[in-house]
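**Student:** What Swiss-Prot shows for this protein is this:
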DISULFID  Cys22-Cys109  disulfide bond
DISULFID  Cys25-Cys97  disulfide bond
DISULFID  Cys55-Cys66  disulfide bond
DISULFID  Cys143-Cys146  disulfide bond
SIGNAL    1-17  signal peptide
Amino acid sequence: MSRLVLLISLVIVVASAAAPQCEVCKKVLDDVMAKVPAGDKSKPDAIGKVIREHCETTRNKENKFCFYIGALPESATSIMNEVTKPLSWSMPTEKVCLEKLKGKDAQICELKYDKPLDWKTIDLKKMRVKELKNILGEWGEVCKGCTEKAELIKRIEELKPKYVKEEL
């Protein structure tokens, strides 16, 4: 009986360790810290400025993360101090995300990147209209006047060479 409990506990620990936690948070903060000049890495105000500048160009999940921490003008609340101060102390981004931000707003660590589509096997005709619109949205494109599924598929096929990198 105790072996069974131990085995189940081990499986749960391994499964939770395999799933990346706070992946969007870590990536955004890593990108931001790479942009911060070496002389400003210990200044919370300078880090905050770089975060806000970086967040102006983000889309999708990264933009949602920026909204949650208050780095966007339209954000309702701001927890930027919970981000900038620990980063100025050289705290690792993973620790900032898991220990500081997750406690303030659990939604931050629930953000996950969408799995990339396998363009070699995907059948656009079998996808729902909402999924097709999401593909265009991820690319930052819109299909004005598209009311039919076939029109969305046509637009995706037109833009596919621009956004989908074919592997050799």
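Note: Cβ is positioned from N, Cα and C throughout, glycine not excepted.
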**Student:** Tell me the coarse DSSP state (helix, strand, coil) of Cys143 (disulfide bond).
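**Tutor:** The residue in question, Cys143 (disulfide bond), is coil (DSSP, three-state).
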**Student:** For Cys66 (disulfide bond), which residues of its chain lie six or more apart in sequence with Cβ-Cβ distance below 8 Å?
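**Tutor:** Sequence-distant Cβ neighbours: Val28, Ile51, His54, Cys55, Thr58, Leu72, Ser75.
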**Student:** By CA distance, which of the disulfide-bonded residues (Cys109, Cys143, Cys146) lies nearest to Cys25 (disulfide bond)?
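**Tutor:** Checking each of Cys109, Cys143, Cys146 against Cys25 (disulfide bond), the shortest Cα distance is to Cys109.
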**Student:** Considering Cα atoms only, can you say which of Cys97, Cys143, Cys146 is the nearest neighbour of Cys22 (disulfide bond) among these disulfide-bonded residues?
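**Tutor:** Given the candidates Cys97, Cys143, Cys146, the nearest one is Cys97.
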**Student:** Out of Cys25, Cys143, give me whichever of these disulfide-bonded residues has the highest number of other Cβ atoms within 10 Å.
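**Tutor:** Per the Cβ count, the most surrounded site is Cys25.
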**Student:** Just checking the disulfide-bonded residues Cys97, Cys143, Cys146: which sit within 10 A of Cys109 (disulfide bond), CA to CA?
**Tutor:** Cys97
